[in-house]
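Worksheet: the structure to be examined is printed underneath.
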Amino acid sequence: LPLLLKATLLRLASGSYHPFYNGFYYNHIMNDNDDGQDKVDYFSGARLVVETSRDPIYTYNGANVTLPCHYRYEPDLGPKRKIRIKWSKLRDDYTKEQDVMVAIGKTYVAFGDFKGRAHIHQASRHEASLVISDVRLKDDGKYRCEVIDGLEDESDVVDLRLKGIVFPYQPPRGQYRLNFHEAEHVCQDQGAILANFNQLFQAWSEGLDWCNAGWLADGTVQYPIRLPRKPCGGVHLAPGIRSYGPRHRHLHRFDAFCFSSALKGEVFYLDHLAGMTLEEAKQSCQDAGAEIARVGQLYSAWKFLGLDRCNAGWLADGSVRYPIVTPRANCGPAEPGVRSFGFPSKGRFGVFCYRER
């Protein structure tokens with residue numbers, strides 16, 4: 001046999017080669033002199049296992065939610081040892097993490113937007129669940145629960161999804177006028193955020209059909225088609241999400257797909273006999289202790305609160321719309337939805353107002 005192979009076989013046969021597996025786990029540590037001599041074999045005694053929910057956890061904007069995470073040792077080590085718990089939020093492609101919080105025992109630190117909203121729930125032995133209060137739209141996504149015990153480090157991922165609604169948005173200037181950053185801003189102005197792919201797919205599965213391409217949160221441009229037709233990719237393509245892929249975030253211009261969730265307040269309608277201009281509508285909402293509603297708020301009230309009004313009203317962006325839950329004569333198409341009159345420069349209408357509870 002070649003000399004190198006003989007030496008390897010002799011070393012394995014001598015029993016001096018570490019680490020090895022016999023049902024327990026060893027970490028082989030060299031000494032500080034770096035002379036190749038063993039300093040210590042650290043024996044952990046058991047395998048660390050971390051588990052989260054296999055199914056997505058669903059919640060709403062403004063709610064409190066618990067992301068379950070538990071760990072155990074195989075075999076069981078008895079009383080819980082002092083370990084370090086770290087929670088991170090992942091990008092959809094797993095390329096980057098946002099620190100959420102770190103905890104050792106009862107001491108913990110939350111980071112960024114999670115300060116004051118996140119803490120560890122440890123109601124049972126070996127629990128490392130994360131509690132997020134006052135959930136925000138951008139909390140939607142994947143979270144990593146990581147448990148560190150000495151030199152052992154194991155993790156698992158749980159998916160947090162907000163129940164909400166996706167709506168396409170065009171600004172008053174018309175179709176395909178928004179670069180990625182402008183799309184982010186217009187969604188925020190409407191009480192929403194740019195939708196992600198999972199949210200758009202869910203909306204498509206619930207019936208959303210829209211032939212204009214729009215930005216998503218990952219910088220891709222896509223659109224959902226339920227009924228294939230010539231202007232929307234062709235009649236021979238199957239229904240689904242059409243994708244232009246990633247586009248240049250500054251140069252390319254499209255519409256936006258925005259995502260909004262449940263409301264913390266209520267949307268209500270006001271009208272005067274002769275109708276109102278946009279400025280008069282804003283003042284009427286203020287007089288009622290409210291503010292003129294945004295587009296995302298109207299969509300949320302329609303979906304989650306059953307708002308049904310066959311009267312057109314102003315919204316904060318200068319558009320005129322009305323929500324229909326039960327289609328009927330003289331109230332537009334035969335399907336439920338939020339109807340739009342666009343952005344009229346003239347005219348007198350009612351107004352939809354929003355007030356916090």
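Using N, Cα and C of the backbone, Cβ positions are placed for all residues, glycine too.
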Could you identify, going by TrEMBL, the member of Cys285, Cys331 that forms a disulphide bond with Cys310?
-> Cys331
Taking only the Cα atoms, work out how far Cys211 (disulfide bond) lies from Cys331 (disulfide bond), in Å, as a whole number.
-> 23
Averaged over the domain 'Link' (266-355), the pLDDT of the predicted model comes to 97
For Cys232 (disulfide bond) and Cys310 (disulfide bond), determine the Cα separation and express it in whole Å.
-> 30
Other CB atoms within 10 A, centred on Cys310 (disulfide bond) = 15
Cβ density check for Cys211 (disulfide bond), other Cβ within 10 Å (all protein chains) comes to 14
